[in-house]
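Each remark here refers to the structure printed beneath this line.
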Amino acid sequence: MSGGGPSGGGPGGSGRARTSSFAEPGGGGGGGGGGPGGSASGPGGTGGGKASVGAMGGGVGASSSGGGPSGSGGGGSGGPGAGTSFPPPGVKLGRDSGKVTTVVATVGQGPERSQEVAYTDIKVIGNGSFGVVYQARLAETRELVAIKKVLQDKRFKNRELQIMRKLDHCNIVRLRYFFYSSGEKKDELYLNLVLEYVPETVYRVARHFTKAKLITPIIYIKVYMYQLFRSLAYIHSQGVCHRDIKPQNLLVDPDTAVLKLCDFGSAKQLVRGEPNVSYICSRYYRAPELIFGATDYTSSIDVWSAGCVLAELLLGQPIFPGDSGVDQLVEIIKVLGTPTREQIREMNPNYTEFKFPQIKAHPWTKVFKSSKTPPEAIALCSSLLEYTPSSRLSPLEACAHSFFDELRRLGAQLPNDRPLPPLFNFSPGELSIQPSLNAILIPPHLRSPAGPASPLTTSYNPSSQALTEAQTGQDWQPSDATTATLASSS
């Protein structure tokens, strides 16, 4: 969800509130794409914690304890119901607001269930063409949340909501609740997504270091990118392609280094044989097949985008800063060289007869001129930024890459002496995606002490100490299913 900046603009600020040492003042959005298969959205700044899912049931009634208007809920599991406007008229949008707003919301995940949710301290932290993002505090738990408010077409279910309701992973922003509210105009309906709040973005963290003329510390690049690839492995296993991977959509907690993928406004369940629009993804991070106008692309477009993010963190600037769709392709060719006819056919067969200027590939070691760039990082980049979509690494193959070996070492920690965030709390579902990689993905010190170090054989029974070292998170389920999954990979 890019900001509404002028066409051809650079990556804008995130528009988020100042909340930590990494925070910067909010900025404007970036530009839109152009040329063949031009992106409809540029690499603009985005608002705070965002997400989505389809319009299922859950009517809304909203009220304010300070005497604001109240409304009746409506709608059931078949579609959205109308309630009162959000924020209610008369409720001050400011940090000092003592007003408490109560709505009847539907729980974000699990069986459909409605409950009253009260929140306070409402303030705007982001906006764009998609709508508005507010920050609020849940009255009962005092937990900060982000509330993304988008105009809902009553004729259709909201794809973002449908997708968000089915996703449950420690590296994906969690949908807590959702509710509907009416707008100022007659029959105007809004969907409000109540999401967990994460204070920063990779974009702003990287900009913090860039402004200080520094490159983001390599340990942070490893921790952030590993979690991004893990989130992609999960959503791709669910058949979902994000279609807008960029630093602004990667939320991070600067203290714990936990990363959560957000903004599923462009996401889609890809079905083989069904066409998809090519004018998606912010320009700097668009896979070449999208620039060529392909409509039968795969989730490997997310892998290309992730490769662009990795390169940007290593370089301190975007690797392919095109001013338009065509210029974007020129920037890619300047690094990868002119694609062969076979590579063009793999991206879009309609362009095989198009005459491109013959340019040799630029050596990756010269792309990353700094001697401080680890060879493993360069090797990983080159394996992600491939013209042929099927030649790119899968997200889990990226997680298993030697660039991330440091994270799998016993005793690895963050520069602030905190433990690494949860990296190895794999669910049985994750371990079943590419079982042949499990022997690499699970660090040696977390494997069963009775079995050989590699490959894994009959079981995986981590000790309590090993679980502590793994910083176990919500996805870990030490059950018979885990043992069975690992056993099947031998």
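Keep in mind that glycine also has a Cβ here, set from the backbone N, Cα and C atoms.
Taken from Swiss-Prot, the feature compositional bias 'Gly residues' applies to 1-15 (among others).
The region 'Disordered' feature in Swiss-Prot is assigned to 1-97 (among others).
The N-acetylserine annotation in Swiss-Prot covers Ser2.
Per Swiss-Prot, phosphoserine is recorded for Ser2 (among others).
Annotated phosphoserine per Swiss-Prot: Ser21 (among others), in sequence order, evidence recorded as experimental evidence.
Taken from Swiss-Prot, the feature compositional bias 'Gly residues' covers 25-82 (among others).
Taken from Swiss-Prot, the feature phosphoserine applies to Ser72 (among others).
The phosphoserine feature in Swiss-Prot is assigned to Ser77 (among others).
Per Swiss-Prot, the feature phosphoserine maps to Ser97 (among others); the stated evidence is similarity to another entry.
The ATP binding site annotation in Swiss-Prot covers Ile125, Gly126, Asn127, Gly128, Ser129, Phe130, Gly131, Val132, Val133, Lys148 and rests on sequence analysis.
The active site, proton acceptor annotation in Swiss-Prot covers Asp244. For Asp244 (active site, proton acceptor), the count of additional Cβ atoms within 10 Å of its Cβ stands at 27 [all protein chains shown].
Secondary structure from DSSP puts Tyr279 (phosphotyrosine) in coil. As annotated by Swiss-Prot, phosphotyrosine applies to Tyr279, with the evidence given as similarity to another entry.
The region 'Disordered' annotation in Swiss-Prot covers 451-490 (among others).
According to Swiss-Prot, the compositional bias 'Polar residues' annotation covers 455-480.
For 481-490, the entry in Swiss-Prot reads compositional bias 'Low complexity'.
Of all the binding-site residues listed (Ile125, Val133), Ile125 has the fewest other CB atoms within 10 A of its CB. Cα spacing between Val133 (ATP binding site) and Tyr279 (phosphotyrosine): 24 Å, rounded to the nearest whole number. Rounded to a whole value, the Cα-Cα separation of Ile125 (ATP binding site) and Tyr279 (phosphotyrosine) is 27 Å. Minimal Cβ crowding within 10 Å, among the binding-site residues Asn127, Ser129, is found at Ser129.
Note on Gly131 (ATP binding site): other Cβ atoms within 10 Å of its Cβ, all shown chains, come to 20. Under DSSP, Asp244 (active site, proton acceptor) is assigned to coil, being neither helix nor strand in the three-state scheme.
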